[in-house]
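**Q** Have a look at this one.
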Amino acid sequence: MVADMGVYCGPVVEDDSGKGLFFIRWMGVFVDWAGGWPNSRPMEPNKCPQFPADLEYQSGFGNHLSSEAIAGALPPGQNSPLLCPYGLYAEQISGTAFTAPRKLNLRSWLYRIKPSVTHEPFKPRVPSHEKLVSEFNQSNSSANPTQLRWKPVEIPELPTDFIDGLQTVCGAGSSYLRHGYAIHMYTANKSMDDCAFCNADGDFLIVPQKGRLWITTECGRLQVSPGEIVVLPQGFRFAVNLPDGPSRGYVAEIFGTHFQLPDLGPIGANGLAAPRDFLVPTAWFEESSRPGYTIVQKFGGELFTAKQDFSPFNVVAWHGNYAPFKYDLSKFCPYNTVLVDHSDPSINTVLTAPTDKPGVALLDFVIFPPRWLVAEHTFRPPYYHRNCMSEFMGLIYGGYEAKADGFLPGGASLHNCMTPHGPDTKTYEATIARGNEAGPQRIAETMAFMFESCLIPRVCQWALESPLKDDDYYQCWIGLKSHFTREATNGQLSDVRNCHDESGTGGHRG
């Protein structure tokens, strides 16, 4: 028993197969592990790793956490001793400047078998990745105020891993200037073998739509299913494996800042995304030799590669507040109006990447989860809107309440700054037909989301020229007709006599 760390290892028993079985108590939870040390194993090259059915996580958004795959691997009382326990190297990864305010300062200490610097020089990746953009200008993208919609991206036939399956749809700003964002789609049918990806440009927020992702990071492992999200902070090395085969989803990348929980304001201390529901991996490591292992680094929107002879996932212990995390969207606690009108979509913000202007986001991640609509005498679908912010929407599963058809799971839409948008004709007419007597309505079996930004996105040319772009999208509003009549007020027919002046001349007042 190691009382100070709360870790208990053993005894070793045998299961029916004769394999050794460890029992480990970590943070009060007992987990059984077959064969070898519980949080380490040699991995066969070119094989998708077999994750345990139930991975253990630590919880809490922004918490200072610590994790050990081997008890006692964290040095007591200091970060960088002359000799670290077990002969490990101490390495810090900084997500903010050293002098950032303490409440915003992000960093973690990793204790690893070999340091990250042990690699050959980086070289431009061959072939390059022409559909990955991190700086948006007139040479690689276009300004477009038209309402845009795309059908679901098709899974490629050729073997494609997560890196090669990334395609930028739109974005703004520059990773060089450390200000802006990019929105990508990904499709993949192949796990990442003997390579890891590192994004030096910014944070990835990944939204799987089809297929689970098994993600190995330097802090440990995460399983992310459709209906969950994962944030991989700038600088962390990771590998994506596909236990379900063909996979698809969305990625928001932010430059120069990090995601935070939104302020709750008058909502109070509770609601929306609870900090305790964000899960962070526990330490896990590989120690086998891996000749020819490749690090793929995204730097300034370009890809570079470097070779090394070991896995980057060799961190035996770590502590800090800068780490990958995931979140189950079904745990979101939505708020809505209970009397009249339709709430602004900001009420459903899960995460925000703020700018220097209070209340103005570089990028908000907003969801439209299952919920009740109960407002009386109210047009319940989203209202018609022109927004100084730009809105990119995706659909994980189900349908979206403002579009009767055409907006499909795996598809996307973009309504740019001040571009009009709102419910389609079918949705409007069906809502009006239900009238004021409509009872409470449950929006069920759906999960749509929005990336909203104060920066105007430019759209990549291949997205505009894609056969998946819905050129007839505008038609969904063409059927909206005028319902105007001088004899109706506030949804009720008025007394015709009240529409004439007292002299009886028939003049309309007001």
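Note that Cβ sites are derived from N, Cα and C of the backbone, with glycine treated the same way.
Heads up, TrEMBL stuff is auto-annotated, nobody curated it.
Source: prediction; values computed, not measured.
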**Q** Out of H342, H421, which does TrEMBL tie to the same Fe cation site as H385, E391?
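**A** Among the candidates, TrEMBL records only H421 at this Fe cation site.
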**Q** Looking only at C-alpha atoms, tell me how far H385 (Fe cation binding site) is from H342 (active site, proton acceptor), rounded to the nearest Å.
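**A** Cα-Cα distance, H385 (Fe cation binding site) to H342 (active site, proton acceptor): 12 Å.
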**Q** What's the most sparsely packed of the binding-site residues H385, H421, counting other C-beta atoms within 10 A?
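**A** Comparing Cβ neighbours within 10 Å for the binding-site residues H385, H421, H385 has the fewest.
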**Q** In whole Å, how far does the CA atom of Y400 (homogentisate binding site) lie from that of E391 (Fe cation binding site)?
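**A** If we compare the Cα positions of Y400 (homogentisate binding site) and E391 (Fe cation binding site), the gap is 15 Å.
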